[in-house]
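J.: One structure follows; several queries about it will come next.
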């Protein structure tokens, strides 16, 4: 299921925290045969946090009915007959694992959340014939305000399992999520860098955004509110993002923003230009198809209100892309959106500091730091169409977390791995191979993709020393760089870390351990002849799947 075509639930989930659970057809995948995915799959929760007791809640919606699931995976609708005044919900808690222990429950087909709390149970209420009132801890009177808790979002249906870590509402207790495939491999995401949990708070407060941080009565940090909530309760100023939006609106009075919302449909484009206070977008035929009023700070941080994105194939995708460009502050620097180069995200001084820091502290750089962080596939989500099991690992608040399963997309820089020895083409896609342009072995000749031909420029020898060689030279990361977008070229073999590679047979990634990043086709899909090759954060996309 392409990230940019799925029905994103992020906006829905963010809205729910303030009021009532009314889940739409969120995270719905391409349907597979009904027999492909059983009614429940095992979910193992491991407690590496060093804290407890842990209480679990599996809450969500099935066929338009909201409810909860017990440890055996049985779904229970919330009681009906409730009026507009909220009443306590039945206790849906499941006893979680103690420190250093694991608990396995059954995860049913739902679109919802798995909550977990530390030390005490959470309070939930129902209203209006069985709708759930979610925690809204931006309100100091919320009964869960002083409880340490977090959650993961998931959808399990006939199309498989989608599960993600999220920071859309707040940054709090660290965790990883994972899915086991039929071949036994575990795809995972959400792991922080060493000491990343506290580093986030320190940097946030140092940047003047400390008003978002909520503390317990004993002074310990509980969470940092997402600015989408903080702006509405006066915890941060709107001045900086307002200034940025004004500059963006003025910039596009005299030039077009070109939105290409679907990576697999490069010919589908919309051009936008500002007229008065309205950003008006046209189709290829010149017809106006969407218009957005100049948004206030709440609309930008929350990707809603003035930037509301309906579940359609025109207005919604344009709104999502425009909001992502504003949140990541790339709208001024790149008129072609979405911006494919994450190295340029959050560089403006007026940027969303919360989102910037959330991505910085993730081991794989992926986060769900705002509602449409999935624009361009930068979200912390894993999916499999035939899931065998799901995992949540509650990580330590300090120190270094252990990667979930085989590491998946959270594999740490420097983790050793094998490179199968041999000689042959390095294939990508159906017809392309890694190629030395013009078969020229000159140092610093940047490698590319080219139609497979079997010539010497496409014959790569993989050594037991981790090198990949062609034409007597080594595949080399330019100047030992570690940043996204660093060129990969051929260079005289010298034994440095810039010339070492490992191969993950599960994800088909060629990874440079020194940088912790992967060999990547510049610009991503669609793959094409002449496309240059670079270093990029490992993301398991088509642009990083190499066949030896």
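Cβ atoms are placed via backbone N, Cα and C, with glycine included.
Not my notes, these are from Swiss-Prot:
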ACT_SITE  153  active site, proton donor
ACT_SITE  169  active site, proton acceptor
DOMAIN    38-396  domain 'GH64'
DOMAIN    422-548  domain 'Ricin B-type lectin'
REGION    37-430  region 'Possesses beta-glucanase activity, but is unable to lyse viable cells'
SIGNAL    1-36  signal peptide
J.: Do you know offhand how many angstrom separate the residue listed as 'active site, proton acceptor' and residue 153 (active site, proton donor) by C-alpha?
T.: 12
J.: Out of 153, 169, which of the active-site residues has the smallest number of neighbouring Cβ atoms within 10 Å?
T.: 153
J.: So what's the average pLDDT for the region 'Possesses beta-glucanase activity, but is unable to lyse viable cells' (37-430)?
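T.: Per the prediction, mean pLDDT sits at 93 for the region 'Possesses beta-glucanase activity, but is unable to lyse viable cells' (37-430).
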